[in-house]
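Novice: The structure that follows is given in the form of structure tokens.
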Amino acid sequence: MVPANKSQTSPNTFLLMGIPGLEHLHVWIGIPFCSMYILAVVGNVTILAVVRAERSLHEPMFLFLCMLSVTDLVLSTSTLPRMLCLFWLGAHEIAIDACLAQMFFIHSFTAMESGFFLAMAIDRYVAICHPLRHSTILTHAHIAKMGASVVLRGAVFFSPHPILLKQLPYCRTRVIAHTYCEFMAVVKLACVDTGATKRYSLSVASVIGSCDGFFIVISYVLILRAVFRLPSREASVKALGTCGSHVCVILVFYSTAVFTFLTHRFGHNVAPRIHIFIANMYLLVPPFLNPIVYGVRTKKIRDYVLSFLRESALGGAQGRDVFLQQLHSSALDICPGWNSWPGIFPWLVLCAFLLGLVITVIGNATILCIIRMEKSLHEPMFLLLAMLSVVDLSLVSVTVPRMLGIFWMNAKEISFKACLTQMFFVPSFYVTESGILLAMAFDRFVAIWHPLRYTTILANNMLVKMALAVLARAVAVLTPAPILAKRLESFQTHVIAYSYCAYMAVVQIACGDISDHIVYGLMVIVASVGFDLFFISLSYGLILHAVFRIPSWEARGKAVSTCGSHLCVIALFYSPVVFSVLAQILGYHMAPHLQIIIDNLYFLVPPMINPLIYGARTKQMREWVLRILHCRGD
């Protein structure tokens, strides 16, 4: 906890509290914040490098984008490093001059970002409503003047902030209930009337935000009016498509800004942690999201980055050293209307996969955090659950990012070595997860059949041995896969009809006899999935046998309920692979797109659903999360 006694601190310093009520989670909160900062720096530096290197991008829109990237870099760098020191090192103390400097940079560069959004809206208006005069109206001289005006406005309007606060006496406390030096949080510490100072700050913020927002809306109203007058529907869609990235980042920026402003003005009943969290998102999300949105939706930037990565990764490799990962042509019929809207399906798939990835990472990281911090959960079942969460995180990490690259950035090329690496890790983690589910079934069997010997049978050393056995089996069974695939001499085609490097998908495009590879693939399924399913079924058969011998119906229900979460996860995990294998055995040939979807469900759905099921059905975890959020009822 932050010390509250002002006599313990220097009169020239403030103390940053962080997020009130969540101090014990600061270490964990710092992890996603650090990740967002790294993405923001890498993304914005990439934008600047690409625009500088590619002459065709020396256009008004991309020059404004460079100004926005510089603003994002300054904005995130002025807050995140100091915030991470607070979260990870407990560095609560900050000098008053450093605090005022941080405050100036935050507020002035936020105003600059809003101004650059307005400049980009004007650029889109001129490009669509006056396309023939675009290059003459928005010359480099005019762009420089607009950029200088935006910077000057931000500096002039917010320079009084540190000057006014420097003159105030602070005799109450020096603890700032925030993660950074925010104007309103600091001004509350003064022991004199600060009404005029608050009114000035709110007036400046509201005038700048409302003026920029008003003119942005006017620009897009004029743009829509011009677009709807176009005779061709295709031309209208193309014109609106050039505004998509800008609209996305504007919505993200202004929605959080409006919420923050309204909570300052009217939200006296909003919990401090909610206000501080949204204020952090206001500073963190736009700098990390802007380069992603513009980089992905801008074809020139996307193509430049992909060509650079391809040259770096492949080094000009040709022949069998490069595969093209893409969906089979018949898979284009998955989404009705694909032929008329070729860009919609990848974005819909992207949104679903990206949402699944976010839920998976947050859910499994939460499971690990809770089990680590709650000593009552240091039991065999929850330790095995922690292992399952680690495997789930590993599984999505080796598949979903690469898959998003295919659907989002059209990055279909993959080197042969990278393909072999993915071919090993994807099924290895899948087999490992299957083994952990078997271990959890064994845990339920021991808990119900031998409750008095439960802790002695499943001691920590026993759990370690089980985990090592599961991991060793996966490595032993799957190591031959890349070795055998590497021995394939030639291929009929370099197009893999999958969204990842599946062993059988690579084998099926090889020339020559592949019967040995097919036998090996079936042996892997039998030795892992078949073996695990058999013993899981046996465990639950014995569990049901023991449950039905219990005389009390209430005791039976309680015993079975302890297995509910595990049964749900097992059904969800094994049903896709069982369905696929049975369809092949019975001679039912699925459409390629259906086969690919089912195969993707192997490693997309269980990692996302597992933490939701265990979090909702496990009382200790549910109460722990609710206790953090202060959502428990009376």
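Yeah, the Cβs are placed from backbone N, Cα and C, and that goes for glycine too.
Curation plays no part in TrEMBL annotations; they are all automatic predictions.
Reproduced below are the annotations present in TrEMBL:
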TRANSMEM  25-50  transmembrane segment
DOMAIN    43-294  domain 'G-protein coupled receptors family 1 profile'
TRANSMEM  62-80  transmembrane segment
TRANSMEM  204-227  transmembrane segment
TRANSMEM  239-262  transmembrane segment
TRANSMEM  274-294  transmembrane segment
TRANSMEM  344-370  transmembrane segment
DOMAIN    363-614  domain 'G-protein coupled receptors family 1 profile'
TRANSMEM  382-404  transmembrane segment
TRANSMEM  424-442  transmembrane segment
TRANSMEM  463-485  transmembrane segment
TRANSMEM  518-544  transmembrane segment
TRANSMEM  564-586  transmembrane segment
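Tell me about the setting of these features in this model.
Specialist: Residues 18-19, 57, 65-66, 69-70, 72-73, 76-77, 80-81, 83-84, 86-88, 280, 284-285, 287-288, 290-292, 294-295, 301, 304-305, 365, 369, 628 of the same chain lie 6 or more positions beyond the ends of the transmembrane segment (25-50) yet place their CB under 8 Å from a CB of it.
Outside the transmembrane segment (62-80), and at least 6 residues removed from its termini, the chain residues within Cβ reach (under 8 Å) are 33-34, 36-37, 40-41, 44-45, 47-48, 51-52, 102, 105-106, 109-110, 112-113, 116-117, 119-120, 123, 140, 143, 147, 150, 180, 283-284, 286-288, 290-291, 294.
Counting only same-chain residues 6+ beyond the ends of the transmembrane segment (274-294), those with a CB under 8 A from a CB of the stretch are 19-20, 33, 36-37, 39-40, 43-44, 46-47, 65, 68-69, 72-73, 75-76, 79-80, 83, 106, 110, 113, 177-180, 182, 245, 248-249, 252-253, 256-257, 259-260, 263, 267, 301.
Residues 325, 350, 353-354, 356-357, 360-361, 364-365, 367-368, 371-372, 414, 422, 425-426, 429-430, 432-433, 436-437, 439-440, 443, 460, 463, 467, 499-500, 600, 603-604, 606-607, 610-611, 614 of the same chain, all 6+ positions outside the transmembrane segment (382-404), place their C-beta atoms under 8 angstroms from a C-beta of that stretch.
Long-range contacts of the transmembrane segment (424-442) within the same chain: residues 381, 384-385, 387-388, 391-392, 394-395, 398-399, 466-467, 469-471, 473-475, 477-479, 481-482, 500-503, 524, 528-529, 532, 535-536, 539-540, 566, 569-570, 573-574, 602-603, 606, each at least 6 residues beyond the stretch ends and with a Cβ under 8 Å from a Cβ of the stretch.
If you look at the transmembrane segment (463-485), the same-chain residues 6 or more away from its ends with a CB under 8 A from one of its CBs are 380, 383-384, 387, 420-421, 423-424, 427-429, 431-432, 435-436, 438-439, 442, 503, 506-507, 516-517, 520, 524, 527-528.
Using a Cβ-Cβ cut-off under 8 Å and counting only residues 6 or more beyond its ends in the same chain, the transmembrane segment (518-544) has close neighbours at 427, 431, 434-435, 437-438, 441-442, 444-445, 448-449, 473-474, 477-478, 480-481, 484, 503-504, 507, 559, 563, 567, 570, 574, 577-578, 581.
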Novice: Take the transmembrane segment (204-227) and find every residue of the same chain, 6 or more past its ends, with a Cβ under 8 Å from one of its Cβ atoms.
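Specialist: For the transmembrane segment (204-227), the list is 107, 111, 114-115, 117-118, 121-122, 124-125, 128-129, 153, 157-158, 236, 239-240, 243, 247, 250, 254, 257-258, 261.
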